[in-house]
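J.: A single structure is presented below for examination.
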Amino acid sequence: MIEILPSLLAADFARLGEQIAQVTEAGVNFLHFDVMDGHFVPNISFGVPVLQSLRKSTKLAIDVHLMIEDADTYAPMFVAAGADCVSVHQEACPHLDRTIRMIQSEGARAGVVLNPATPLVTVENVLPLVDYILLMSVNPGFGGQSFIPYVLEKVRALREQRERLGLSFSIEIDGGVSVDNVGRVAEAGVDWVVAGSSVFGAPNPAHAVTAMRQAAMDAVARRV
Ligand SMILES: O=C(CO)[C@@H](O)[C@H](O)COP(=O)(O)O
């Protein structure tokens, strides 16, 4: 089963509740929540108070992607505010092993994110620890960018590595995924697909999620 995670960065913030209801209707299990600090990435999004409000209004799992420099200070606050999954960037975390264990001990699933140009070898040692690896398929900071195709090779390599090591972490991809390329992404071997503008920029977000999920599942069926 491939999960489609609507990225709230592309939602209409004045109608967040309504937009979440639309994707809930399409049967999503997760929402993706992008936190940007204006330092690690050149943009600022939203933070803990917004997550606290969302937590009260949805039972969906919330996947928080921290695009921030000081993840060790803020990750526990996001878990306390209701995050079910928290991912941190390899490029921003000098003590990655400690950060992963801290997120898990706070009670959330822990993920590590790699920018497109960061090689997989940088997370090799923590693969047995993580709950998921998020591979960025755009340079982080903005929605609506074009998919970077060489990331598909990283997905294939990571999937092979997971099989070889007998591990069970999930593989997530984020950036520039739409109904037109989700088949290739699914075929490469991802479990979770983040989609922002292709969902909330569509006339009907629920239909967009359903179409993406169907295209992904068709591609996986062809692969098997
Ligand atoms: O983390 C990010 C951007 O930094 C993403 O989650 C985007 O929000 C995905 O948006 P689309 O590329 O799907 O529009």
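Keep in mind that glycine also has a Cβ here, set from the backbone N, Cα and C atoms.
Sharing the features that TrEMBL gives for it:
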ACT_SITE  D34  active site, proton acceptor
ACT_SITE  D174  active site, proton donor
BINDING   S7, H65, G141, F142, G143, G144, D174, G175, G176, G196, S197  substrate binding site
BINDING   H32, D34, H65, D174  divalent metal cation binding site
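Any idea what these are sitting next to in the structure?
T.: Every protein chain shown contributes to the tally, and the Cβ of D34 (active site, proton acceptor) ends up with 24 other Cβ atoms within 10 Å.
Counting only same-chain residues at least 6 apart in sequence, those with a Cβ under 8 Å from the Cβ of D174 (active site, proton donor) are S7, H32, H65, V113, L134, L135, M136, S137, V138, V194.
Taken residue by residue with DSSP, G143 (substrate binding site) is part of neither helix nor strand, so it is coil.
DSSP classifies H65 (divalent metal cation binding site) as strand under the three-state reduction.
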J.: What's the CA to CA span in angstrom from G141 (substrate binding site) over to D34 (active site, proton acceptor)?
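T.: Checking the Cα atoms of G141 (substrate binding site) and D34 (active site, proton acceptor) gives a distance of 9 Å.
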J.: By CA-CA distance, flag whichever of G143, G176, S197 among the binding-site residues is nearest to D34 (active site, proton acceptor).
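T.: Out of the listed candidates, the nearest Cα belongs to G143.
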J.: Where does S197 (substrate binding site) sit in the DSSP three-state scheme?
T.: helix
J.: Helix, strand or coil for G176 (substrate binding site)? Use DSSP.
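T.: For G176 (substrate binding site) - judged by DSSP and reduced to three states - the answer is coil.
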J.: Output, ordered by sequence, the same-chain residues six or more apart from G176 (substrate binding site) with a CB under 8 Å from its CB, or 'none'.
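T.: Counting only residues 6 or more apart in sequence, the Cβ neighbours of G176 (substrate binding site) under 8 Å are S137, V138, Q145, S146, F147, I148.
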